[in-house]
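Engineer: Can you read through this structure? Questions will come right after.
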Amino acid sequence: MEAICSSLEPLFPCREAAIETLGELIGDSSETYPSAIYLFGHSGTGKTALTRAFLKECGKRQNVRTAHLNAIECYTTKIMLEILLDSLAPDQGDALKVDNMLDFVEQLRRQAATRVEDQGFLIAVDNAERLRDMDANVLPVLLRLQELTNLNLCVILLSQLPFEKFYNKTGLSEIVCLHLAQYNKAETQRILGSDFQQVRNQLLEQFAQDKKRLEICQEAVTEDFYNNYLNLFLSVFYKACRDVPELQLTARKCLSTYLEPVLDGTVDATDISRLWRHIAGPLRSALTQIYMRIEKPAEEVEDFTAIEDQSVRKLAQSLELPYYAKFLLIAAFLASHNAAKQDKRLFVKHHGKQRKRMQTVNARAKTTEKMSTTLGPKSFSIDRLLAIFYAILEEKVGLTCNLLSQISTLVHLNLLSFVSGEQNIMEGSARLQCTIGLEFVLQIGKVVGFNVRQYLCDFM
């Protein structure tokens, strides 16, 4: 098992502790496995990739049969059981047919009678929360499968939810829980920086026909240059998105824009401040389109900003949200980009006179770099979100379950994201932030007839 863990650690940086814990829990096939392991964490934390690689190495180096499936693909219990049996008992071929959990357990018991000594079985189920929608006995049986089949078998469940969400009235067997926390900023930069050589080779291939640019690229694109770029990139993106695959994809897209003035010879590769001024606008435009996969036409690359804005407008106009959800989205944007101390002046009609002071006048003379709409979103509480929502909505609406469910819909669509307290929504300690940009919310405002700029401190 030590050899397996050692081979996986270079492939999954910053996950050494999780790999070591998983190795200690599983051990060798000659040792007794735990009956079930629950691996959970947010998307982009490496659950699926790590488990798949771990099972693959166990299958190669040990006397273990493995099965890995995605519960989303299994729309019936029968399909899921047949996929599992096909992986765990490949010698049987088409003879294996199961209709329910009882048949599945019986087939595995037959495997116990014919299995090789010290043979182990590992089953991994991705998106395990979907098991709750299947037959009522599926999840309890999977958790006790080792006991029922008399096999050295372990079921690894993968999900984004904590295991408390799985409990029902009849109860479930105890399970070993392993949490994969989100990467911090330094870890994210280390992971993104680990593919430097691959990114550099792609750039060299891209400029292979242009000798002048190829020479500049070979000299300028060093590991320090790439790390400086990632540092600037994460200063914009890290608060809004911590999904590593998504960040990796967006970072590669924006690198060519960052490199452009260096290739033209107008900016030195070590002049980070000028490179930041060049890349700041495109990075903020890309931030409004993260997860959306909006591509620029190749023939219009030069008109970068105009194309991005046009794509955002089209997306905002075609976004089919309920009427109140659009106002909730506007309220979330206002809460993310206005200071809480300004709420009374912005949303209360009779807030009293405000004296003009020189300090206030100077503070309002903001440059583009200091405007809150370009600095990125700030977190806010649900109480503040609802207070702004009721302030900007002309009609009176009761606080119903339907209204609160629309907040979770916006989170599911990645228009809002949780910063903290995701499990404590009803207690009021949860904090969110708005992930959309100014151009997007202005178009939403036009659809519902609301002037967003009028309620933004940056434009007052």
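Quick reminder: no glycine exception, Cβ is built from N, Cα and C everywhere.
What Swiss-Prot lists as ATP binding site is GLY41, HIS42, SER43, GLY44, THR45, GLY46, LYS47, THR48.
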Engineer: Which residues, sitting 6 or more apart from GLY46 (ATP binding site) on the same chain, put a CB under 8 Å from its CB?
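Structural biologist: Correct list: PHE12, ARG15, LEU180, VAL244.
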Engineer: Does DSSP give HIS42 (ATP binding site) helix, strand or coil?
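Structural biologist: Looking at the DSSP assignment, HIS42 (ATP binding site) belongs to neither helix nor strand, so coil.
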Engineer: For the binding-site residues HIS42, LYS47, which one has its C-beta crowded by the most other C-beta atoms within 10 angstroms?
Structural biologist: LYS47
Engineer: Please work out which residue of SER43, THR45, THR48 has the most C-beta neighbours within 10 angstroms of its C-beta, and give that one of the binding-site residues.
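Structural biologist: Per the Cβ count within 10 Å, the most buried is THR45.
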Engineer: Among all the protein chains here, how many other CB atoms are within 10 A of the CB of GLY44 (ATP binding site)?
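Structural biologist: For GLY44 (ATP binding site), the 10 Å Cβ neighbour count is 18.
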Engineer: Give the sequence-ordered set of same-chain residues, not counting GLY41, HIS42, SER43, GLY44, THR45, GLY46, LYS47, THR48, with Cβ within 8 Å of the centre of the Cβ atoms defining the ATP site.
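Structural biologist: Here the nearby residues are GLN160, LEU180.
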Engineer: GLY41 (ATP binding site) has how many other Cβ neighbours within 10 Å of its own Cβ?
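Structural biologist: Within a 10 Å radius of the Cβ of GLY41 (ATP binding site) lie 18 other Cβ atoms.
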